[in-house]
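These notes are about the structure you will find just below.
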Amino acid sequence: MKAAVLIWLFLMGSQARHFWQQDEPPQSPWDRVKDLATVYVDSVKDSGRDYVSQFETSTLGKQLNLKLLDNWDSLTSTVNKLREQLGPVTQEFWDNLEKETEELRQEMSKDLEEVKAQVQPYLDNFQKNWQEEMNLYSQKLEPLRTELQEGALQKLQDLQEKLSPLAEQVRDRARAHVNTLRTQLAPYSDELRQRLATRLEALKENSGASLAEYHAKASEHLSALGEKAKPALDDLRQGLLPVLESFKVSFLSALEEYTKKLSSQ
């Protein structure tokens, strides 16, 4: 089940962006996942180092003298090495998954393009109506702006009383346009869901490209990923042992020294 969900997210992540954003340069699913993971890891790494630095420069940190920053930098170096080792392995996993789902992604892309072509006139009409409303609103505001410049409105309350009906009118018109657009697009949204259901049902009936096969292939790729990542994870564990041992020794030594100072007072 998890593998099927992974495939579904992978497919939609590959294609849904192009439904509304054709002008952006294409980006592979792996690039998006890698960018997200890199930003997250770097954020955690930077914020974690800041916390360690703040503690080490505090009064208690100076008394304990744990050399946390040295240990943190060693840990960061080890983790970066792990990321470099796993890079080709995870890239191979995504390449295999992309290859296995190529046909299904092409069909989904075709469906999305067809639905987009059908709804585009409604979107264009909505944009046209909205622009007309904004132009009309601007025209109605022009006399108020002129009065304000000429000093005819002495109080801000007078201006607010004149603007409120216009603002309410624009809000009501905008709501009406949005509701109309929602009503117009509803059948196409249902059609897209139906097409997706049809594609998935076809997968179930087609022994050559069934969901069970995708599940098995995804599980196989995940298993291969785990096997190839095992040496790198073992290296990480071996690299962490000296860091943890150094931290343990420093902490116990600092604690013992701190206890002696308290006893002597």
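In case you wondered, yes, glycine gets a Cβ from its N, Cα and C as well.
Now, the feature entries from Swiss-Prot:
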MOD_RES   Met108  methionine sulfoxide
MOD_RES   Met134  methionine sulfoxide
REGION    66-265  region '10 X approximate tandem repeats'
REPEAT    66-87  repeat '1'
REPEAT    88-109  repeat '2'
REPEAT    110-120  repeat '3'
REPEAT    121-142  repeat '4'
REPEAT    143-164  repeat '5'
REPEAT    165-186  repeat '6'
REPEAT    187-208  repeat '7'
REPEAT    209-230  repeat '8'
REPEAT    231-241  repeat '9'
REPEAT    242-265  repeat '10'
SIGNAL    1-16  signal peptide
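Residue pair Met134 (methionine sulfoxide) / Met108 (methionine sulfoxide) shows a Cα separation of 37 Å. Of the listed modified residues, namely Met108, Met134, the sparsest CB environment within 10 A is found at Met134. Per-residue pLDDT, averaged across the repeat '3' (110-120), gives 77. Per-class residue totals from DSSP over the repeat '4' (121-142), listed helix then strand then coil: 22 helix, 0 strand, 0 coil.
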